[in-house]
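Engineer: Sharing a structure with you now.
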């Protein structure tokens with residue numbers, strides 16, 4: 001074959017390949033157009049799937065090399081909001097790791113940090129936030145004098161990104177009040193704030209930031225609620241509220257809400273003698289609340305709510321390992337039905353536990369007399385066995401540093417787990433009354449921890465502020 005014939009042959013092959021490449025490109029364009037027309041012709045209001053087609057055509061005539069690549073990728077489906085269903089069990093936990101620490105008091109030495117107390121954590125489909133009751137002032141403001149008082153007209157609920165100390169510029173105002181709870185049902189958030197006079201208080205209920213109803217005091221003695229997140233199942237949210245004496249008989253109700261409206265309420269049933277400041281978590285279509293008996297018990301009362309029947313019962317954590325503060329020494333055997341008394345006893349502190357059979361964990365201050373230090377105790381079957389004992393201990397805050405309230409929370413929208421990973425927070429109170437020598441204010445920082453399925457190391461995570469810097 002002479003050179004001219006070779007040239008014609010190569011040119012013919014190149015032209016053929018180019019035509020083939022052109023036909024493939026035309027077919028890809030046709031496919032793309034047909035897919036888009038099909039998507040446009042079908043109206044889907046909830047679940048939409050986007051298809052992206054990337055075409056790369058390369059032709060080199062001289063070397064007769066053709067590269068034709070078509071990549072079809074599916075973007076993740078958009079899921080319409082739906083009600084949370086408590087259809088998982090709690091995850092097993094081998095130890096606890098810190099996931100957030102806001103260092104609010106340390107920042108407050110030079111920054112305009114808001115004075116708060118009663119903080120907690122609550123999650124929704126987009127993530128988790130810190131909620132707290134502010135005192136209408138910043139730490140360095142002269143109005144911080146006297147913020148040891150729990151109930152004033154200047155308090156209100158705010159939220160910030162978890163781990164971010166609250167300032168005037170980054171805090172989101174929620175509602176006015178000196179007691180609160182908040183939870184997300186998967187579609188919207190319900191929030192309750194209690195405001196007004198001690199003997200004539202009102203609870204205001206909001207759903208998606210809009211006022212939906214109000215609840216007036218029923219015992220005229222400091223109507224109050226959980227000071228941590230409530231929990232929802234299939235659109236119904238359960239909240240524990242108490243009205244009455246903090247040191248004798250009080251009147252507790254379990255209330256059920258749908259979109260911020262009361263659909264049912266039950267007076268306290270079961271053997272618990274006094275209920276305050278419940279820390280609640282959901283699992284297996286149930287809600288378990290570990291609460292505070294401010295009247296008699298150094299053991300914690302619990303409320304168990306069946307969210308399929310909207311009914312509850314109450315009793316006490318069975319173990320003889322006592323977790324309220326103040327408390328007497330641990331007992332060889334506990335009591336599932338009655339408060340365990342002893343000196344020192346009342347008044348108490350908000351606390352929590354995760355009652356999960358062999359993987360039960362309870363939290364408590366290290367000091368039996370004051371709100372200092374914090375530890376997590378693994379006590380298998382503590383919720384059901386009076387003779388259950390501590391098998392593992394993890395220190396969270398050493399006993400040379402102040403702690404405070406603590407409570408539970410769970411990110412129910414963590415799709416990476418086939419179970420609900422337990423989490424909790426600890427309030428780190430600074431100022432009065434323990435540090436009245438240095439300052440006139442009372443405020444807090446916060447740490448949040450979540451369970452690890454693997455063994456963890458050790459560490460103490462105190463507030464860390466040098467209080468004398470504020471003198």
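Each Cβ is built from the backbone N, Cα and C atoms, and glycine gets one as well.
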Engineer: Out of 324, 330, which does Swiss-Prot tie to the same Ca(2+) site as 293, 297?
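Structural biologist: For the Ca(2+) site that includes 293, 297, Swiss-Prot also lists 324.
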Engineer: Residue 91 (disulfide bond): which of the recorded positions 150, 293, 324 is the nearest Cα neighbour?
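Structural biologist: Checking each of 150, 293, 324 against residue 91 (disulfide bond), the shortest Cα distance is to 324.
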Engineer: Using C-alpha atoms only, work out the spacing between residue 128 (disulfide bond) and residue 297 (Ca(2+) binding site) and round it to an integer in Å.
Structural biologist: 33
Engineer: Neighbours of the Ca(2+) site 293, 297, 324: Cβ within 8 Å of the Cβ centroid, same chain, sequence order.
Structural biologist: 274, 292, 294, 295, 296, 298, 299, 300, 301, 316, 339, 340, 348
Engineer: Please give me the disulfide-bonded residues out of 232, 237, 280, 336 that lie within 10 Å of residue 291 (disulfide bond), comparing Cα atoms only.
Structural biologist: 280
Engineer: Of these disulfide-bonded residues, 128, 336, which scores lowest on Cβ atoms within 10 Å?
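Structural biologist: With the disulfide-bonded residues 128, 336, fewest surrounding Cβ atoms within 10 Å: 336.
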Engineer: Would you identify which of the disulfide-bonded residues 237, 318 has the most other C-beta atoms lying within 10 angstroms of its C-beta?
Structural biologist: 237
Engineer: Listed recorded positions are 123, 183, 289, 297; which of them have CA atoms within 10 A of the CA of residue 237 (disulfide bond)?
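Structural biologist: Close recorded positions: 183.
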